[in-house]
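Asker: Annotation source TrEMBL lists transmembrane segment at 12-45, 57-80, 100-127, 172-195, 215-234, 241-266, 278-302.
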Amino acid sequence: MNNTNTLKLTEGAMMTAFFAVLLLITVYVPFISVVSGLFLLMPFLLYSVKYSIRASLLMFAASLGVAGIVGGVFSIPIAILYGTTGVVMGWLVQQGKSKFMIFMISTLVFAVNLVVQYLFSILLFGVNMIDEFFTLMDDSLEQAISLYSAAGIDTGNVQEQFAQVMLTFETLLPSLIVLSSALLIWIMMIINFPLVKRLTKRDLPNFESFRNLSLPKNVIWYYLIILLTALIATPEQGTMFAYALINLQFGFELLMVLQGLAFIHFYGHSKGWSKSLLVILTILGVLINPLTRILGIIDLGFDLRKRISAKK
């Protein structure tokens, strides 16, 4: 028992030190930080795969203190962001959850962290990073328009178009946070899972083939309800209801596009198409996503895959 506790403490200290090194590189080394940032959750994932959630939380707490020492107060949010995600990810591996379930829950944890930290930055420091970003973009645009106007170049309605783009970006911000979180978690899982598997000598779950991806049936009904609500209701622009409706519609449209792309891969596999052709079709499917979305709806609503499999 004592040997086990000693090993647990020793590995916890090692993982905390490992995280401190990664954090130092991420905070202070500009270009390498892009790469090191992808490994920030690895110490937590590696430790929580092997040990209990209680031990993992203790290691996480120690990492917060170390983050404050080596990187300053503003490094603590980074430690919270990657630490909680890594601990949850490792715990889910211990519970035997599928890789897709781990991906979904980890994305949710990461996105919630970002939102909470954004709100805290406003409440505690009075700094709204998103407003600052929009202000910076507006100032840059005004300077550019002034320079072009002075040079005799017609800028037309560039400012109005830019304002519309910024409004769209602001409206879809919640969806973009979730989407960027999902992309980052997916990349980090692809990079870190094989390394953790090799270091721990344990079997970690794998993603199923993309062609086998299929959303639950009830997703299509939720999507139809949202579409009908968007057609019938006329929420006032800028209200919470309008924001929620637009983001939900955008999110479910992305899911239908994903379903459509998965069907293309399923059909291509059944016909023996080459990988290069499937890559080209995937790119085209993203570019002409309205058609891909319709294909996803048909596949989910009418069980196209079962019909194709039955014909075989």
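Every residue, even glycine, has its Cβ placed from backbone N, Cα and C.
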Asker: Is it true that the transmembrane segment (215-234) and the transmembrane segment (278-302) have 3 or more Cβ pairs under 8 Å, skipping pairs fewer than 6 apart in sequence?
Answerer: yes
Asker: Which one, 12-45, 57-80, 241-266, has the most C-beta pairs under 8 Å toward the transmembrane segment (278-302)?
Answerer: 241-266
